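Undergrad: Just passing along the structure, written as structure tokens.
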């Protein structure tokens, strides 16, 4: 039976999968609760760490020794520190039957990203140039009896042709100037000016 534990760090957007071979619930419970590590009592299994995201540094460190009827619990640690996850296993000698230090394995996952040259997918999209038909209609009017400011403007654009008219009260306050104009690509700007009495 294989046990997969997904390690996820949301702030870095990286995910790693820890695969553990071998045995039963003792190893799984121990790994998640602080004991057990990567080996069950009396059985050695091989662990591997698979990086699934860009920028994960994976290191594996082994200790020496072996033997003993069981493994010591000291030295097993799981902690998240400084942008990486460190899983430690191993420890002192077993309780009976043999002397040497237990096998110590040390797994480390960091999120540096500076050592990897992973390809970056670059998608070049073809630009779509749409030519919209320019069209608008605008007009405004001002009639201020206190300052004697009277003016108006009306303009319509259809494609590249613009036509409109504007009028304003002359400084003598008796005459209104009216300008009718047309503008297009062929003829340019053509204006016709006329005057009428203000009433």
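Here the Cβ of each residue, glycine as well, is placed from N, Cα and C on the backbone.
Per Swiss-Prot, the features are:
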- 82-102: compositional bias 'Gly residues' (COMPBIAS)
- 133-199: domain 'Chitin-binding type R&R' (DOMAIN)
- 63-103: region 'Disordered' (REGION)
- 1-19: signal peptide (SIGNAL)
Undergrad: For the domain 'Chitin-binding type R&R' (133-199), DSSP counts of helix, strand and coil?
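TA: Its residues divide into 0 helix, 49 strand, 18 coil.
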Undergrad: For the domain 'Chitin-binding type R&R' (133-199), what's the model's average pLDDT?
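TA: Taking every residue in the domain 'Chitin-binding type R&R' (133-199) and averaging pLDDT yields 93.
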